[in-house]
Amino acid sequence: MDYKETLLMPKTDFPMRGGLPNKEPQIQEKWDAEDQYHKALEKNKGNETFILHDGPPYANGNLHMGHALNKILKDFIVRYKTMQGFYAPYVPGWDTHGLPIEQALTKKGVDRKKMSTAEFREKCKEFALEQIELQKKDFRRLGVRGDFNDPYITLKPEYEAAQIRIFGEMADKGLIYKGKKPVYWSPSSESSLAEAEIEYHDKRSASIYVAFDVKDDKGVVDADAKFIIWTTTPWTIPSNVAITVHPELKYGQYNVNGEKYIIAEALSDAVAEALDWDKASIKLEKEYTGKELEYVVAQHPFLDRESLVINGDHVTTDAGTGCVHTAPGHGEDDYIVGQKYELPVISPIDDKGVFTEEGGQFEGMFYDKANKAVTDLLTEKGALLKLDFITHSYPHDWRTKKPVIFRATPQWFASISKVRQDILDAIENTNFKVNWGKTRIYNMVRDRGEWVISRQRVWGVPLPVFYAENGEIIMTKETVNHVADLFAEHGSNIWFEREAKDLLPEGFTHPGSPNGTFTKETDIMDVWFDSGSSHRGVLETRPELSFPADMYLEGSDQYRGWFNSSITTSVATRGVSPYKFLLSHGFVMDGEGKKMSKSLGNVIVPDQVVKQKGADIARLWVSSTDYLADVRISDEILKQTSDVYRKIRNTLRFMLGNINDFNPDTDSIPESELLEVDRYLLNRLREFTASTINNYENFDYLNIYQEVQNFINVELSNFYLDYGKDILYIEQRDSHIRRSMQTVLYQILVDMTKLLAPILVHTAEEVWSHTPHVKEESVHLADMPKVVEVDQALLDKWRTFMNLRDDVNRALETARNEKVIGKSLEAKVTIASNDKFNASEFLTSFDALHQLFIVSQVKVVDKLDDQATAYEHGDIVIEHADGEKCERCWNYSEDLGAVDELTHLCPRCQQVVKSLV
């Protein structure tokens, strides 16, 4: 007889190899055909809601790993919340306006000069919508579930209308104003930039020390003294109108070889070193406070213009001379202090960064090229004391990567100062995963200047502002709401298609326009105002959503971006934060922690991972990262992730194979009647479940990743499943011992599949489809396992046993190395108590020790002789097992017998086989 035929071997159609790149699209097609997104919502309708509001990615270009990290993290959260019974709709969004799309069209050969603004904008819209379709497909391929058939898009008429209404409400509260102020200006983009659009890179700049002669000493300083200023922007010297000193700093008049120079005393050594002064020839002649120097008048070094000495608290002794070159047209601090002294705002630079006619002899020069011309002129006038070059961190345009300047231009602003405290209070009432997140956004809002919301471009939402014939600004509740209504009906392109009078309410009149003529604003809104309006355009307008959102989750760069603009517009109009909880993630780096770049050849993109390995590998990788900081990815890291995936898959497959003949409705054993080892595993499952649920609640996916591996490797592979083979394959099909184990195995399989479902979405679904007798058609429509109290005494007892088992395994390994045994079933184990542990007493309550240790025979005695090896949990001796090997179960037995034609079988196998014959 072939005894193999009598074994109950695992059976399942669940394949060993994942084949994810081919399998996943098939699973996704099924989800789409069944409209699983809405099915999941319907299941939880009327339950408590959970709203994760999607920050809109920019609709341009292919997805990078940062996109994947972001969307997969969001999907973990929404899927988990759904399986916990929450009504958790997820509406993905896209940010669609702005310069990159204009530039992309130009690169494609679209000549905007050959068409009207409205026509060019239409092409921008077409391009953005094409990009959305491409990105949408890629997001869905990652297994992200959401309302992709009806996403929110910032160019949709209803969204633009909501944005205009926010603008109107802010204007109504006096928070929107126009002013000529220095703003970040990008000559390469020909537009103003918000702080969120600035990034810092190293730049080589001229460093100059310049002497300003005293023109009117006011009886304070010597008439022939000179103030020394230091700057790294020589091109701004033509705009100088003042020298700022700190009112409380001490200043000295130093005689250096007959020349008298005024600088801060705290910086005198640094200045002397920079200007190569011989210290022996330096003499401090007079001392003043900055307050005493106020209103002294200096002479501009090469223009017929005075430079007034003024006081400012922004002056520091970190660098320079303590006498700060002040040009209100080219610096925020300069502008603010200049306002107090009613100084003129001079900014002779055009949109391209070129000097205008107001720049005199520098007219036509690009500002950076003018640096040399200015220093040459200063040298000619004898005012340049030192020219050097330094490399320093300097603001750049985040899109073009070119340097930006401060330039005073007429711009529209949203007042931060008027709502700053309200925003800070709202931040205090917001929850954060980590305290540094709160500190980061709090400090950014606290230190933030006014928000420049105007842009000198065409692809964006127009500022709904009109001008009367006399130049008066028209921005009333009536006019703004009328524009919002027009945008809601026609879209914002109507602004560029109609005359101003046709955009105003019918019969509108204004005293500043006696002839009934009006003009409209040509600037558009900052794209951060677009996305920052999503709480109104999406949360408050979509019936399935609600305001405020439970959560915003984006990259850490959004503390100064979307998180910031959203809370600003929300607090300004609604008085509360648009999010209750804020979570951020880091950036994706290569395996060595370097930034990915084509030049380094270290770029990994989602499409590549999905096609080569599958979306579930990308998702498992996300769960393996400490995403709060920057994360790493490489081929080697993905290989390690694939190895972990393979272990998870094979473990699930083993369990599937061994419950193929089990029906939980008819074959389950009540918990009270389970074998103790099975009750131990059931309690370990409950412990693992509680920990996993807690980790999901706290967004700690790395803990889940590690604990899943630990549970699979330590509890299942190394013990329970290995121990179980002797029972599942060998014992009688309906025996109590086998059904007891299958009862627990089935529970582990079902619960683990559910717990893994938010992460391994496709694999969990595939496992579910092969699991017999499950009630729900999809694991994603099932509920998470409930957290059940564990039997702690049982767990403690079995943890001690598992430690003893580790000692036995160490002893077996030694015996194997000494050729006493080969496989563990060839072993006979004798265990005795020792000074460290009373093993003989402890083991009296355990049955079938030979099965638990996966050996043939176990003997427990009170004491062993000196030949025994002492371990932490007893003295252990390993010998070769007595008797002969059973041909069916491979255990050694002294009772192999011949019953009829059944030879070389142990008593257990004889009994099982006889029942089959």
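Backbone N, Cα and C define each Cβ position, glycine as well.
According to Swiss-Prot, the feature motif ''KMSKS' region' maps to residues 595-599, out of the candidate ranges 20-24, 350-354, 595-599, 660-664.
Between the listed ranges 2-12, 57-67, 277-287, 563-573, Swiss-Prot ties the annotation motif ''HIGH' region' to 57-67.
For the recorded site, E554 (L-isoleucyl-5'-AMP binding site), the DSSP three-state label reads strand. All chains included, 25 other C-beta atoms sit within 10 angstroms of the C-beta of C906 (Zn(2+) binding site). The distance from the Cα of C906 (Zn(2+) binding site) to the Cα of E554 (L-isoleucyl-5'-AMP binding site) comes to 64 Å.
Using the Cβ center of C886, C889, C906, C909 for Zn(2+), the list of other same-chain residues with Cβ within 8 Å runs, in sequence order, I730, E887, R888, W890, N891, S893, L896, L905, P907, R908, Q910. Within the same chain, residues at least six positions away from C889 (Zn(2+) binding site) with a Cβ under 8 Å of its Cβ are D726, I730, C906, R908, C909. C909 (Zn(2+) binding site) falls within a helix when secondary structure is assigned with DSSP. Neighbour counts of Cβ atoms within 10 Å were taken for the binding-site residues E554, K598; the minimum is at K598. Across the motif ''KMSKS' region' (595-599), the DSSP tally of helix, strand and coil residues reads 2 helix, 0 strand, 3 coil. Under 8 Å, Cβ to Cβ, and six or more positions away along its own chain, C886 (Zn(2+) binding site) finds Y892, S893, L896, H904, L905, C906, C909. In this structure, the C-alpha atom of E554 (L-isoleucyl-5'-AMP binding site) lies 25 angstrom from that of K598 (ATP binding site).
When pLDDT values are averaged over the motif ''HIGH' region' (57-67), the model yields 91.
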